[in-house]
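Copied over from TrEMBL, here are the features:
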COMPBIAS  501-511  compositional bias 'Basic residues'
COMPBIAS  512-526  compositional bias 'Low complexity'
DOMAIN    402-483  domain 'RCK C-terminal'
TRANSMEM  31-50  transmembrane segment
TRANSMEM  57-76  transmembrane segment
TRANSMEM  88-112  transmembrane segment
TRANSMEM  119-138  transmembrane segment
TRANSMEM  182-208  transmembrane segment
TRANSMEM  220-237  transmembrane segment
TRANSMEM  243-260  transmembrane segment
TRANSMEM  272-289  transmembrane segment
TRANSMEM  301-327  transmembrane segment
TRANSMEM  334-354  transmembrane segment
TRANSMEM  366-386  transmembrane segment
Amino acid sequence: MSAFDLTLLLGSAVALVAVAAARLGSRAGVPALLLFLFVGIGLGSSGLGIDFSDATMAHNLGFAALVLILAEGGLTTKWSSVKPVLGMGLMLATVGSLVTIAVVGLFGYFVLGLPRSVAFLFGAVVAPTDAAAVFAVLRAVPLPPTVRAALEAESGFNDAPTVLLVIAGTNYAIGVQPAGGVIGLAGTVVLELASGVLLGIVMGWLGVQIMKRLSLPASGLYPLATMAWIVFTYGLGELAHGSAFAAVFVCAMILGNAQLPHRHATRSFAEGIGWVAQIGLFVMLGLLIEPSRITLHDVLIGLLLVAVISLFARPAAVFVSVVWFHVPWREQTFLSWAGLRGAVPIILATVPLASQMPKADELFDIIVIFVIVSTLVQAPSLPIVARWLGLENPYAATDVDIEVAPFEERRADLLQVNIPAGSKLAGVAVRELRLPPNAIVALIIRGDESFSPDGHTTLLKGDEVLVVTPANVRDKVERRLTDLGRGGRLAMWHRGGRRWTRAQRRAHAQARRLQAQADKQAGTAQ
């Protein structure tokens, strides 16, 4: 067997072990990302003996994986959910990160006795919440839309400023002074963030225009083209000396919320790529860890860091960031506990390691302990905390999945609507959909059976509904189906500023009773 064949065999075996670990972790309540890290540690020099100590390669591959993870996060983030809390999310990502850096920096300077430059770097490395960890955990916890959207926005946007600060802090720690001092550094960070966001907006808009006009020979090429465009945006951001990570997330969010062909397939493809990136990233970081090098002193500092961030830095960061938005104390408490850290702090810890900063390996080991302990403590406890605070909603409506397949050379689209468990579209009759003119429900696929419905056909959980619509009303059809999936029968009633007739009030009351019965049956079934 050649070395290349052996590499393929071992790589596929590691991937299978990681997938099995994800399954076991979900059943045991242990975050899958940590299990991937432990797989890497088991394969490393202290386990099976694979020697990997190239910090520069780990840094480059880590940044590449982060691009793919942010791309998945942006493509799956709903703008309609983020828009109402965008200000709060940006405050958490910027002001919240600065507060965390300040608190941890003071802890490092006064308690640990670190030099000011290293203390600042220490805070910058642990400041960002992790997009992969947040997106993975939030999928399993039914939360109020505002809380979920704020956490997603924070984790998507806070990587960009902290990456810039870690690079600047590393240069400062090894003796490279920033041009213009602190004011010059602040100006550079703001300029790079602004240019990155602007580039993301421009590239996102251009990507939408191009994807809508493409007529590719195979549906599988659309997800590939979308991901390639996002990675191309990252390269342009680096070339323009802007914040490439900000450009990636903004571009991906614009593409993910546009009415593009095969959008559901693109999101599924991005989710698969995101999992590959996460598995590869955590296994690689596990290979980089040397357990024999970690001392009791490192463990104690890591545990202290968990306590400082969980009890002081994160609550202070959340309070300063959201106090202007009148957030209820229950939601503010949950936000304080939900600042999940994952791969990002470990990736950022490879920056000083690759720059050969003195004692960078000790900093790396402390960050590893911090990430492992904080993830083990926080991630499994989030559903419990949400339930204790009264924020968990087990009967929250689940959005329907709508896939778009354009008819080539026809001004019409075929929508493939999947009705998942928890969607309030289940139980609604076809005649109650009240779709825009000329949009019709052409076919329902139910199990192994497919049939053309009539107006009295009731949609059920698990149905796959095919809707044919003119291209000019497709957006209205999608919005209508999404509203029905969230509100059920009640979604058909909108006052629009007009007074209802007696018959309309009776019909609305009847719809409320029917919807309440459907919700009760759904709750009993679950």
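Placed from the backbone N, Cα and C atoms, the Cβ positions cover glycine too.
DSSP labels the residues of the domain 'RCK C-terminal' (402-483) in these numbers: 16 helix, 31 strand, 35 coil.
Beyond the transmembrane segment (220-237), the same-chain residues lying 6 or more positions past its ends with a Cβ under 8 Å from any Cβ of the stretch are 67-68, 71, 74-75, 196, 199-200, 203, 207, 210-211, 214, 243-248, 251-252, 255, 260-262, 265-266, 268-270, 273.
When Cβ distances are compared across the two stretches, the transmembrane segment (301-327) makes contact with the transmembrane segment (366-386), since 3 or more pairs at least 6 residues apart fall below 8 angstroms. Beyond its flanks by at least six residues, the transmembrane segment (272-289) meets 14-15, 18-19, 33-34, 36-44, 50, 52-53, 55, 58, 61-62, 64-66, 68-69, 71-73, 132, 135-136, 227, 343, 346-347, 350, 364-365, 368 of its own chain at Cβ-Cβ distances under 8 Å.
Summarising model confidence by region, the domain 'RCK C-terminal' (402-483) averages a pLDDT of 85. Long-range neighbours of the transmembrane segment (31-50) within the same chain, counting only residues 6 or more positions beyond its ends whose Cβ lies under 8 Å from a Cβ of the stretch, are 14, 17-18, 21-22, 24-25, 132-133, 136-137, 278-279, 281-292, 342-343, 372, 375-376, 379-380. Per-stretch counts of Cβ pairs under 8 Å to the transmembrane segment (57-76) identify 243-260 as the leading one among 88-112, 243-260, 366-386. Same-chain residues lying 6+ beyond the ends of the transmembrane segment (243-260) with a Cβ under 8 Å from its Cβ atoms: 66-67, 70-80, 82, 156-157, 159-161, 163-164, 192-193, 195-197, 199-201, 203-205, 207-208, 211-212, 222, 226, 229-230, 233-237, 266-267, 404, 474-475, 478.
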